[in-house]
Amino acid sequence: SGKNVSKRLRVCVATCNRADYSKLAPIMFGIKSHPEEFDLEVVVLGSHLIDDYGNTFRMIEQDDFDIGSKLHTIVRGEDEAAMVESVGLALVKLPDVLQRLRPDILVIHGDRFDALALATAAALMNIRILHVEGGEVSGTIDDSIRHAISKLAHYHACCTRMAEQHLIAMCEDHSRILLAGCPSYDKLLSTHHREDYMDIIKSWLGDKVQEYDYIVALQHPVTTDIQKSIKIYELMLDALLSFNKKTLILFPNIDAGSKEMVRVMRKKGIEQHPNFRAVKHIPFEQFIQLVCRAGCMIGNSSCGVREAGAFGTPVINLGTRQTGRETGENVLHVRDADTQNKIYHALELQFGKRYPCSKIYGDGNAVPRIIKFLRTIDLDEPLQKTFCFPPVKDSISQDIDHILETQSALAVDLGGTNLRVAIVCMRGNIVKKYTQPNPKTYEARMQLLLKMCVDAMRDAVGLNCRILGVGVSTGGRVNPQEGVVLHSTKLIQEWSSVDLRTPISDALHLPVWVDNDGNCAALAERKFGHGKGVENFVTVITGTGIGGGIIHHNELVYGTTFCAAELGHIMVSLEGPECSCGSRGCIEAYASGMALQREAKRLHDEDLLKVEGMEMKLSEPITAGHLINAARLGNSKADAVLNKASTALGVGIVNILHIVNPTLVILSGVLASYYQAPVQRIISERALFSAQSIKVLTSELEEPALLGAASMVLDYATRRIY
């Protein structure tokens, strides 16, 4: 910034009320003491200029600052509407002033509505903003306003480490945040050793008062809950009346609700009461002396939470106006100050104690840091702010329609036994499931399928799920591009050359995806299971039949006639048992649930199945389960059958490893947990060395077919590609 060497930086400080002036004055003095570098302009607006609030702009003149502009910006009425109109009035008056002063930097403090007007005007007029005391959390509407000002500000001087972290979390640029500490502490820590402190205390509280034997009370309205603030104010006054100590009470801030609070005070006769002194304004240095040597401070002023900590003065914070702020151990919160008794008890606990001094809000060197920071501002840098957005987890909702609803899919599973429909949401939770026996004829099946889908669609509305499409998983060979079932398995009759997409899409007015159950199981693993983030893996379903899917470079392998990944029909023997496909020696003929059930029946008919300790009811149908049970209990014939089945399956999987060499094999279906260990063993015995280390895992998904069918919808519908 060579060309700015000689030029002084024009800094404009805008102050709205006594509270922000106490923070800005030290900065103003600091800027003024370097006239060769800085040109200071002062703009006064807001409640400084209002009589009821003690015409506090006079303090600024007493401090010997030239006021460049006085703007009357307060609309009277002290309610929410008046606050909003005041912001509007300030926005109308500020542009002229800012155009005339043309500052390089505008310094704004805090979280008042006046400051929001200043920040809005300056940001729109391309004036750089330094915001003092951003990033804090107090627990009221002020938080929203404070954070809004932070978003408009170009530079930040914050007071606490936590505030700095909040600003960074709010995407503000780290290099433009200065952790300065609170500027008012510069004055606090240097002035509270004054000799004449007793004179000050007596001038405000009368000659009889003793050090550490009086109370300072300062309660502001909480604009988001005015009625409650007035109630708390009443209870506080009652508690103070009965506590019977000398009390200095300040009038509340000019916020919505302040009028009613003053009314409550007058009704209780506080101003005439011998114990009380009610005042509109105290100069900050004197106020500090009073807080520093008070027996206790009570109310909800930020001064209690911040400045009082520097002296270890006991503080009672009433209500929620400051509960978000960091505090020292001197602060006792009475969050729901709903009885006079609670407040009285708090006074008994806190009054007259002394706490260690806390430096959370500053160490007394904020102003030199801020001056140094102002020197480093390069006016040739682009004015446009850059926000530093943190990485965010994949957003679940893509556009406005979905924010209020859960994006979901209708999943259909057409199996050999049942016809199932489910509503599945983005995260893979099954919100609701419907099951019916799968009808034997095409007509009845289609009719039932459409009826179940229509019912599910109706329920989805009540469940707040927005259905994006329908995914169908079915047995057999499928052409997913056309949404047609080409050839069925033996298990589902009348199900070849069936167009599923057209009738479902016509009935529900939704896009429809169709694939076979093996591919769906693989898709389910890819989106919700062990296959998440794995580029190449194979899923094998070991259920009634055997099927599967191959994911290669994150996509399913289909082949030319949609016959790829028919893993059940990998042949492991030249003769071998007959398979339902009409051929022999397929792994499905050895290792599927049907094959095992067939063998179990054969053994049972020859009376070779039942062994010692095995429960079998006469009427129950024989299943693969009986076979596994018998083998466990030492039936060597059953064991031999299972051994052969495991070997056939293992050898089939070794063939897969040698063809596509996946990272992972995932077994799913009812027999998966039984086969996992034997298959892993056979791979280590029979596969080529490079393939021996491939892991075999058991799926953890409850419903692979339904989840896979849903994933077709959720992945494509949200990418808006069909």
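The backbone N, Cα and C atoms fix where each Cβ goes, glycine too.
Unlike curated entries, TrEMBL annotations are predicted automatically.
The active site annotation in TrEMBL covers D517. In the shown protein chains, 29 other C-beta atoms lie within 10 A of the C-beta of D517 (active site).
The N-acyl-D-mannosamine binding site annotation in TrEMBL covers R477, T489, D517, E566, E588. The Cβ of T489 (N-acyl-D-mannosamine binding site) has 21 other Cβ atoms within 10 Å, all protein chains considered.
The Cβ of C579 (Zn(2+) binding site) has 23 other Cβ atoms within 10 Å, all protein chains considered. If you look up TrEMBL, you'll see H569, C579, C581, C586 marked as Zn(2+) binding site.
Marked as domain 'UDP-N-acetylglucosamine 2-epimerase' by TrEMBL: 36-374.
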Shell of the N-acyl-D-mannosamine site beyond R477, T489, D517, E566, E588, same chain only (C-beta within 8 angstroms of their C-beta centre)
G475, G476, N516, G518, G545, G547, G568, H569
For E588 (N-acyl-D-mannosamine binding site) and C579 (Zn(2+) binding site), the CA-to-CA distance in whole Å is 7
Between C-alpha atoms, which of these recorded positions comes nearest to C581 (Zn(2+) binding site): R477, T489, D517, E566?
T489
Which site among E566, E588 has the most other CB atoms no more than 10 Å from its CB, taking these as binding-site residues?
E588
Residues near C586 (Zn(2+) binding site) by Cβ (under 8 Å) yet at least 6 apart in sequence within the same chain, in sequence order, are G568, H569, I570, M571, V572, G576, C579
Compute the centroid of the Cβ atoms of H569, C579, C581, C586, then list the same-chain residues not in that set whose Cβ lies within 8 Å of it, in sequence order, for the Zn(2+) site.
G568, M571, S580, G582, S583, R584, I587, E588, A589
Pop the mean pLDDT for the domain 'UDP-N-acetylglucosamine 2-epimerase' (36-374) in here, whole number is fine.
91
In the structure shown, which of the binding-site residues R477, H569, C581 has the fewest Cβ neighbours within 10 Å?
C581
Could you state, as a whole number of Å, the largest distance between Cα atoms of any two of R477, T489, D517, E566, E588, the listed N-acyl-D-mannosamine binders?
16
